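Trainee: Starting off with a structure, shown below.
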Amino acid sequence: MVDEEASVRAPRRRSVRWRFTGMYAALFLVSGAAMLVVVTLFAGGTLDVETGPGQPISAMSEAAEARIASLEHRLAQAQAQQTHQLLLGSAVGLVVMGLLSLLFGWYAAGRVLRPLRAMTSATRHISANSLHERLALTGPHDELRDLGDTIDELLARLEGSFAAERRFVADASHELRTPLATMRAAVDVTLAKPSPPSEQTRTLAERISTELDDVEQLLDGLMTLARAQHDLPEPESVPVDELVADALTARRLPIEQVLDAAPRAAVHGSRILLQRLVENLVANAVVHNQPGGWVHVTIRPAGSAVELVVENDGDVLTQDEVSKLTRPFQRVGTERTSSPGSGLGLAIVAAVAEAHGGRLELRPRRQGGLCVTVTLPRAVEEALVR
């Protein structure tokens, strides 16, 4: 199931590049400040002068003492001014170099993290349909190269696992269809004999035929689900309104069916899978309905996408019950063996929508029933010209 985009997300933290830049600039500023303190202490200190025995001055005039005091005062002022200028110049230089360190740190962090950004971008675009792609990093064998090689090895293992799963589904389908066809032929022969079978035999044969229909429907659903999850055919421009109209026409049931389709609402994708998506949506809306209920289908453009909205009447459901409907073999309020269908309808819808780069949203209606919204990529206008 595709989660709703309205879910609450945690705020994004600062990028690694910003953190590297901040740490580099902080280290530079701390080192520069420590050096500035040391220089200031040495510049503001006094000289130690060694004294020895000498002749004492017997007398000094007041003028000489005043001159000496004036010289000492001027010397102290000059020393203080020099220290102040040194401190101011060093502080300005530290601020300027701090700003330069931010720029240099930002540039250096960008150079170091550039391969990581390339790996992130390439990995983000690799999906289940493109597991054959590899990062194939070049350059020195450093930690980033090791990370890229590890991701390539992981992709190789995933590709092998998906390929084995596809082979298993194909082989299982082939092996199961043969005995099913044999069993159906035996039932048909029994019912078509010239001598009419007994009532018990006919009832048993009809029941077996119904069970075979369910098994074939389940097998077909599993094949469609596997194809949607692992192998998307060549896309084309598919008119969704025509698919919906055909699906509603095929369901000749005594319920109100309303189609509100925007003109030229085409989707870029696989016609086979999109047809199955529409059929499952309509079938789900019809089967899980009330006597005399209704089905309302709306097709509308939404920017570069097309929204397919299917609403139906029915029982009142909770959001917790609705959130489980895209799980395989999941039904609400019924056991797996006591309700029609294979239990794969909405699971297939979710898989097909995700394979086309779309999303599925389920919302219970307050009055009862379900509102299903499928968003799919819209075909370009040129593809709609016939």
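Each Cβ is built from the backbone N, Cα and C atoms, and glycine gets one as well.
Copied straight from TrEMBL:
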DOMAIN    110-163  domain 'HAMP'
DOMAIN    171-380  domain 'Histidine kinase'
TRANSMEM  21-43  transmembrane segment
TRANSMEM  86-109  transmembrane segment
Trainee: Mind checking how the domain 'HAMP' (110-163) divides into helix, strand and coil residues in DSSP?
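Mentor: Summed by class, the stretch gives 36 helix, 0 strand, 18 coil.
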Trainee: Other than its close neighbours in sequence, what residues sit by the transmembrane segment (86-109), given a CB gap under 8 Å and a spacing of at least six beyond its ends?
Mentor: 16-17, 20-25, 28-29, 32-33, 36, 39-40, 43
